[in-house]
Structure formats: structure tokens, C-alpha cells
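Please read the structure below before turning to the comments.
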Amino acid sequence: MQKKLQVEAIEHGSVIDHIPVQQGVKIIRFFNLTQTNEKITIGLNLATHTGQKKDLIKVENTFISDKQANQLALFAPHATINQIKDFKVVNKFQVQLPDSFIDVLACPNSNCISHHEPVDTRFYVKKKSTLKLKCHYCEKTFDHLFFSELD
């Protein structure tokens, strides 16, 4: 059986692979990738070699930083980042869930002081397996799904 690319190759840039189904569009929104002039290719519900489905994002002429890669773990904890130069993978790494997120997310608790005072939001990762985050200020713990729709 001949292999066939489901999404066009890029010359230079980043490929975010192994994104869970229905998370690709959320990642595009979260990172404001629609605000760039670079070509963005997104594959949704692509078949994997195991017969499962995944999403995939390719961003030309843009390289994902370590900080951005770690933020991706909120949406895709098993995603990999491929850095492409001259159509070849020059670096490949898996996202790593950081111990904390600073000034990335808004607290879902509307009574949290972070909504009323000029402070940077701060969340600590309390449980990595099911991804639970604890707010530094109100000390409430939230499932990561509370954050998946935030802009």
C-alpha cells in the first residue's frame, strides 16, 4: 500500500501532531493563529496508522517556542512538535506539562480576586493524569475542561 500525505508538506515551520480530535480548532483560537499572515494548514479527524483519529496543525515560517509547546499540553498532553526546515524534520519533541501556568488562563471562579485586582493569574498543576489545575488566589481546583473554551 502506498503512503499518501493527507495534509500538504511545508518547507519551513512547525507541525503540531497527535492532537486529540476536536482540539485543533481550540488550539488555533487559543494561540490566535488566525491573526498571522503565514499559511496555516489544519487537518481534522485524520486517520492514524492505528485506525484512530487525530487533528494536526501546520504553521509555515513559524517555530513554536518551548513556552507555547508547554501551553499546548492543556489541549493535547501527548502532542508532538516537529520543526521543519527545507521540508525535513530537524527537531522533534513532545510537549511537557509545566508545574504551573502564569498569566495564561483566566480563573473560572468569578469571585476570584484575579478578576478584580491587577494580578497575573497563576495555576498549579495538581494532578497530571487527569489534568487538574489549582488557582493560586482562590485555591479552588478545576478540571482542565473548564479552560478549554477560553480565548
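Glycine residues also receive a Cβ, built from the backbone N, Cα and C atoms like all the rest.
Positions annotated as Zn(2+) binding site by Swiss-Prot: Cys107, Cys112, Cys135, Cys138.
For Cys107 (Zn(2+) binding site), applying a Cβ distance below 8 Å and a minimum sequence separation of six or more within one chain yields Ser114, His115, Thr121, Phe123, Cys135, Tyr137, Cys138, Lys140.
DSSP classifies Cys135 (Zn(2+) binding site) as strand under the three-state reduction. Here Cys112 (Zn(2+) binding site) comes close to Cys135, Tyr137, Cys138, Lys140: these same-chain residues lie at least six apart in sequence, with C-beta atoms under 8 angstroms from its C-beta. Comparing the binding-site residues Cys135, Cys138 by how many other C-beta atoms lie within 10 angstroms of each C-beta, the top residue is Cys135.
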